[in-house]
Structure formats: structure tokens, C-alpha cells
Amino acid sequence: MVSRVIPVEPFDLVIFGGTGDLARRKILPALFRRFCAGQMPHEARIIGAARSRHGADEYKATVRAAIVEFVGGNEAQSDALEGFVDRIDYVTVDARGTDGWAELAGKMRDGCVRAFYFSVAPALFGDLAERIHHHGIATEQSRIVVEKPFGNDLATARALNDTLAEHFDEGQIYRIDHYLGKETVQNLMAIRFGNMLFEPLWNSQYVDHIQITVAETVGVGGRGEYYDKAGAMRDMMQNHLMQLLCLIAMEPPAKFDPDAVRDEKLKVIRALDAVEPHHIVRGQYQALDGEHPGYREAAGNPRSSTESYIALKAHISNWRWAGTPFYLRTGKRLVARSSVISVVFKDAPHSIFGAEAGRHANVLSIRLQPNEGITLQVTIKEPGPGGMRLVDVPLDMTFAEALGPEGGDPPDAYERLIMDVIRGNQTLFMRGDEVEAAWAWADPMIAGWTARGEVPKPYESGSVGPDHAEQLLRRDGRAWRGIKP
Ligand code: NAP
């Protein structure tokens, strides 16, 4: 099955922080792939902007090197690379100064979409918004893209929303959560709202519980200083896992349009109960055989009480979900890299096969990475003679296989999201009130463990996390599903 590519309108995309890590690793490779796919029109232009003094040719060389490093293979060696690089320009701009702004204003073309990607430290978002406005660089149709983290708590998120709102309408602000750009996340909505099969069962009457796991094998690496001020709650739970929770739990929106979808997500966040302290487990990874440093060493803070792992049990107080727990966990240096949502259905009310047939629950697993796909675990008779024994087997739909080789790999999340910015579609971006509501849910938990002086539980690198997290489910007569690559 070959996916259809519809070219977007011509655009000028300014990447503030165009020389930084995110631009080189994600944004420029994503744009290059869309260029190769024929989605980026030839009139499109990408302007890198940062304080470093580069000529346009020097920056083009940086872009070429980034594509070779992060896209690699034949793709990066093709003629397409030169065609792509021809669309690149550079301006030396200081977000906090006067340098470069007039030059940037002079480069903007009339009659095409203007988008400004803020790929710089969040402390600069307000400065950029103010200067873009002051220098008359933005039109009413211009868009700004802001990266995570969006605030550090409710107060800072609110302040940032207010600052951006001084210069841009909410309809012009695209807050990125790259999890929302994943193929499977959108498929989650297609599966729920495009089929009759699941939605009648999608409630507390039939669903025993839901698990959301985002496991990483990497440690904090070079991000130790930032991470130690954030921790797994701020870095992952409040944003990525919260967004997944919203999509799995929300009511069907009346239509697939940005505000209809985001209104429903917001209702989920607002219906979340406060999480009780004994329903939260925080952990910190330990060193592994002298091979990998432990969290505290990696973070450069020997007395750190920041969590590199968090698991919690959440409840949504509404008609659909009353009584169904949502178990969420995320952590670093775990046994495998795996992001999965599992909807665990209740057992059949009565087993006609007797107690010896055991308990068999259907599980719908939505894998976000690696190998994006969906598996439905169903119960069948064990093949062969000798009585009625039951086994659980997966009905597996790995997208790469199901859609065939012509389908290619699904586009990277950044590819889809940047094209959505150009198209002016905000469905997969967080609205300001959603972000604030998510902080309002997370803040009391953080304040609680800070006030109690809690120290995270140690866990072995390469494990499934602290044992206390296993107990969180064991107490309820349940178990986490395995973390498998
Ligand atoms: P980075 O590697 O430190 O790059 C920062 C960029 O900002 C550089 O291009 C830098 O260039 C530019 N810059 C710094 N001060 C500036 C100023 N006053 N005016 C104009 N440009 C300035 O950071 P990054 O890792 O790319 O992260 C960028 C943003 O993305 C951050 O908000 C981060 O939280 C977010 N993010 C990053 C990742 C990731 O994987 N890297 C993932 C998720 C979110 P000059 O020094 O030359 O000015």
C-alpha cells in the first residue's frame, strides 16, 4: 500500500537554534525526508538562526553533515541532498539582542506560510516571541512552534502561556509533544473511533485496567544537569504519558478537528483524581558493573533525590472510567526500550471450561516503539487432541508488515508534526489549557514528595524498575506486563 503524499504550500520556516542538537538530529532530517517524499515544494525555504556567525554556505555544510550523520545511507547521498540544501539559508540572530533581526525581516517573503520553530532553551521563548512581533516579522497567519519543556510547574507554564499570548493567538501556537506525531498514536484514534468493534467495550464495565509503559534503556547521558531539576515526572509523565492517557480515555470528539479533540482531552485531565502518595513509586537507577554510572553520578549530584523512574496508579472520575485504574510507568536504564499501551479486558464472567482452564483476559496492546503496531491477545483452544485446554495467542498487526514494503517506514513524528504546522493543523499539538491542567495534576504530587523529604527507591540498571512498583499492582491482584524490546 503506497501512502499518498500531498505537497504543502510554499513556506519560510525559520529554525531558531538551527545549529543546535535538536535541529541537527530531528528537525533538519525530518524536513529532508519530507523533501525527498515530494511533500516540501521547491519554493519552500528553511532559514537557520542562531547567535554563531556563519555564512549561508557554511551553514549549508552543517546541514549536509547533519543529514549524512542522522539520515545516512543512500538517501543522504542522493541528488536530493543538494536540492534540499539549495533551500537553506542562515541569519545570525540573538534572541536577547538586536543583532540580525532587520536582516531576518528582510528575508521573509510575502505570499507564503511563515513558521518560526523555537528550538532554543525555553527561557528564550518569550524573547523570541517579543522580537518577532516587534520587528513585524509575523503576519496573522504565521505560526510558532515551541519545544518541550513547557514550563516547570503550573505557575511557569501559565507565565509562558501569558507571554506568548501577548504576541500570538492560541491558533498560532504549536506546542510540540512528539509522542502525538507517532503513527500508532493516531492509529489509536482510528481504531477507537473508526471501528464498531472496540468502542462498546471501551469502559469500566469491560476493561479491568489500562497500563501505559514508556521504558528507555538510556540513562540521563549528557542531559544530567537539566534532568536533575526535572525528573521523570516533569520530563515524561506530565506530558508524554499524560497525552497517551488522554487519547486512550477520552470521549469520542464530534469531529476530528483540533478543538473538538483537545476539548475531550482536557476533560480527561480535569477528571483525574489527585493521586494518593502510596500510589506513587519513584526510583533511581544504580551503577551497573562499573560499566554504566548510576543516576547520581551521571547527574553530577551525589545527594540527588530526583527520580529517573516513576510509576503511579491514576483514576479518572467520570461515567466511563469510574473504578478502572490506569497504571502508568516510565523510567531510564530499564531492561528494554519499549513504549506500549495495554488495555486489559475483564475475564469472561463465567468459564464453561471449568477452573482448570485458567483465567484468560483479552489484551489489546498498542506498541509505539519499537516496531509500531497493534496486537490483540485472544483465547483459543490449544491445538491437538486431549481435552479443552485454552491458550492466549496474539492477533498481530505490525504496520511495517501489514502495509507491505511499498508503504515504507511510517514517517518520523517530527516529519508529520512539522508538515502539520505548515498545513495549519493543530490537532496533534497541545493547547495552553491542556498543559496547564496537566501541571495542576502533577504539581501536588511533586510538592507532596518534596515536603515529605522522600528519596527515590534504588533499582538495578537493566531491570524493570524498583520492586515497589511491582507491589503497586500486586496489591490489586494484578501484574505489570513484561517490558520487551
Ligand atoms: P542546544 O543543542 O543547546 O542548542 C541551542 C540552540 O540555541 C543553538 O543553536 C544555539 O546557538 C541557539 N541559541 C542559544 N542562545 C541563543 C540566543 N540568545 N539567540 C539565538 N539563538 C540562541 O539545545 P537543543 O538540545 O537543540 O534543544 C533546543 C530546545 O529543544 C530546548 O528547548 C530543548 O528543551 C528542546 N528539546 C530538545 C531535545 C533534544 O533531543 N535535543 C528533545 C526535546 C526537546 P548559538 O549558541 O550559536 O546561539
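Cβ atoms here come from the backbone N, Cα and C positions, even for glycine.
Annotated active site, proton acceptor per TrEMBL: HIS240, in sequence order. Look at TrEMBL and you will find GLY17, GLY18, THR19, GLY20, ASP21, LEU22, ALA23, ARG24, ARG51, LYS148 tagged as NADP(+) binding site. Residues annotated as substrate binding site in TrEMBL: HIS178, LYS182, GLU216, ASP235, LYS332. Positions annotated as domain 'Glucose-6-phosphate dehydrogenase NAD-binding' by TrEMBL: 14-187. Taken from TrEMBL, the feature domain 'Glucose-6-phosphate dehydrogenase C-terminal' applies to 189-481.
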Starting from each candidate's C-beta and looking 10 angstroms out, tell me which of the binding-site residues ARG51, HIS178, LYS182, LYS332 has the most other C-beta atoms. LYS332
Counting only other Cβ atoms and using a 10 Å cut-off, which of the binding-site residues ASP21, ASP235 scores lowest? ASP21
A correct count of other C-beta atoms within 10 Å of the C-beta of the residue listed as 'active site, proton acceptor' gives 20
For GLU216 (substrate binding site), the number of other Cβ atoms found within 10 Å of its own Cβ: 20
For HIS240 (active site, proton acceptor), just give me the three-state DSSP call. helix
Candidates GLY17, THR19, ASP21, HIS240 (recorded positions) - the one closest to LYS182 (substrate binding site) by CA: HIS240
Are any of the recorded positions GLY17, THR19, HIS178, HIS240, LYS332 near ligand 1, with a Cβ under 6 Å from it, and if so which? GLY17, THR19
Per DSSP (three-state), HIS178 (substrate binding site) is helix
How big is the substrate site in terms of the longest C-alpha to C-alpha distance among HIS178, LYS182, GLU216, ASP235, LYS332, in angstrom? 20
What does DSSP assign ASP235 (substrate binding site), in three states? helix
What subset of the recorded positions HIS178, ASP235, HIS240 lies within 10 angstroms of ARG51 (NADP(+) binding site) at the C-alpha level? none
Same-chain residues six or more away whose CB lies under 8 A from the CB of ALA23 (NADP(+) binding site)? ILE15, GLY17, GLY48, ALA66, TYR117, SER119
